[in-house]
């Protein structure tokens, strides 16, 4: 019989130690002769607060109620489980009880609860620790209830794979960081959080050659909340007995308590590889996968043949599957608010560390044009670095990691980070080998939009503003809600003197991204060109608050205020009423030609077809360029004026600037007429 099996048959000190760590109901604490009231406390809570948390009321409340003080009888597993030396039976109503063992309870001071780090839930401002009160003896409650920071996890090896239930309140550690003495990777450059220096007991245990004793020392460190030291000792135990699944399962619990769920999954899979029938590892894997939002993988390990699944986890799995199904249906029809609602419900159900669910929420925000929320949401997802070797989980028919990257790429593109978007979507293609149509579509779209933007930038830089506007327009045909492309095209219109169009595109960009500073700057400048000083002042005042140290914004605001003040004192000159005015006398014609700025005269006849055809376009130009004076002269009604101006053919257009004629055109095209107006306007 192997070394790690023999302890289940020997009534030794090891067995007694294991039994002393079996967390049963609190009302059976009468048969433990060496019982002492101990409170290891939370590794994240000051010692001074431990007494309050150790009361019976506290032990039966939310965060510490994940099984240790439920008052419910334990359910014995039907699975014929092997007793692996040193696997702590833990804090679960469904933990198997060794035949013949004495049921014991712990007083409130000896309370133990699952500790697996702080669940990360996106609440609209990124991932954040979520605390809740939950009177149920099993965790997984919603994060919507009020926090109870006084009741904290105490850091025991977790039961039946139940690594952590949602709603565990935590506080930031104030312990110093020290370099780890071990050789394994403990994250963050081997800098670990401890209570100070590595304890002498830990150093001594690390030098032992008995893997069981090393493991026991690791368990002690775990219960004290010293997860880094516990990991170092479990590593030592594994190096002495590599094929012991209990050691790897315990290490998985410590990793999960440190918030390193993916590595915990890897360790559990190693435990299952060592012993495919090891129930505890399967249960722990199921619980981890539930937190990661991977329903299929969770079901695979929760419903192992011959194993009675934990009913709480089974219910959580079924609820998660329901929310994912409803989310998928809502996404198909574009009901993005329902998508957000179902994702929030899935997270509250326990999938509190799922990158793909947070990415789905980010996608919904993006489709609702809430780009800031989408960016905050997607940036809360940690760097993808999956370790497990299970068949990759899929969401909406896409491998989860690839889906996350696709959403990140689309958010990057919406914010103008085109190069980053291409890198991410290409990486998604390497992950999803099934060539999902959705991933392929995102890849093609991102590349084509980026190409249009690059082409537009090149044309703009060379001064070919009209062609650049067309290039940006091509990109907008592929991505109609890209605020960057709208803002870039607005710059083209501004350079062409088409300020009304510039304002329109800036408005589009700001509808999509209300905090887009560059679009607001461009719109304010366009308002100034149009003489809409009141609107310009309003935009510059917003910019002044957003950019308090920007001297150019301050100067522009002052100029706009001065112009607004002067405008109220200016006389209402002929031609500034945004409509084409009629001129019928020679005197009025001379007055109009002497107006400041540009004056355009349209010599027409109501009986001439060409004149009538171009008249609506002249009205459009009048609205588009409000600083230009537009006039019309009916040659049939004003024969003297037509003769004085030598009008031979109609329609004829004459452009005056500062009282002098600068151009005359006969039967011009729409493009030639507008180009001529903008040329002299600039």
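A Cβ is built for glycine as well, from the same backbone N, Cα and C atoms used for every other residue.
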Task: Per Swiss-Prot record, range annotated region 'Disordered' [choices 132-157, 158-183] - done: 132-157
Task: Same-chain residues at least 6 beyond the ends of the repeat 'TPR 7' (518-550) whose Cβ lies under 8 Å from its Cβ atoms - done: 483, 486-487, 490-491, 493-494, 497, 499-500, 502-503, 506-507, 509-510, 556-557, 559-561, 563-564, 567, 626-627
Open item on the list: DSSP on the domain 'Thioredoxin' (587-674): how many residues come out helix, how many strand, how many coil?
Closed with: 34 helix, 26 strand, 28 coil
Task: Counts by DSSP class (helix H/G/I, strand E/B, coil) across the repeat 'TPR 1' (211-244) - done: 27 helix, 0 strand, 7 coil
Open item on the list: With Cβ-Cβ distances below 8 Å as the criterion, list the same-chain residues six or more beyond the ends of the repeat 'TPR 4' (402-435) that contact it, or say none.
Closed with: 355-356, 359-360, 362-363, 366, 371, 374-375, 378, 381, 384, 392, 395-396, 442-443, 446-447, 449-450, 453-454, 479, 481-484, 512-513
Open item on the list: Give me the DSSP three-state residue breakdown of the repeat 'TPR 6' (483-516), ordered helix, strand, coil.
Closed with: 27 helix, 0 strand, 7 coil
